[in-house]
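Listed in Swiss-Prot for this protein:
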- 207: phosphoserine (MOD_RES)
- 3-237: region 'Legume-lectin like' (REGION)
């Protein structure tokens, strides 16, 4: 991994991140933000001119923890796929170390992200202070949903789908993100067992977002509210042939 901004790998308990976790921001520094990027680029298209995009899937366990003496949340973290392993003048606050107010929405960003947001920023179109969203080249999500998962329960002899909200701030969860044939699914749960119904299922055209090779990792940021943003484990694979 390469680390940018305030992100780091905590090999020892240091007050910022749990031992062995990837920390994306410093929980004692307001407005802290950073990125942790896998060191090698990953192929996402057969060629630079191809309109085909390789399918991919990733799973990770994350924890967002506000400090006890400063319970204000801010702002969240994101799984990211980006064109390089630098931070490129990205900003904190609601920009989540993805873009800044000048670059937000620029198609040249070549950015795909799934955000786990714990602060409602009206100027960026956030639906609430506890949501998950899909972002292309922008922190303004193309689709977002209240954080939680679907489960089935038998009611009056019939199986019904019920929704359970999950509070992102102050808890740890496992997330699954998958892309295949132009469709992105995002699922979140409390355990290793993946819920059968995704939280988000959306058609997303990544053919113009992705370059032939991209970098994969995480980003996180804070405002005046301070909290830990940690990744405790992570797996990623795609359909590209070695």
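Cβ coordinates come from backbone N, Cα and C, glycine included.
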Within 10 Å of the Cβ of residue 207 (phosphoserine), how many other Cβ atoms are there?
13
Under a three-state reading of DSSP, tell me whether residue 207 (phosphoserine) is helix, strand or coil.
coil
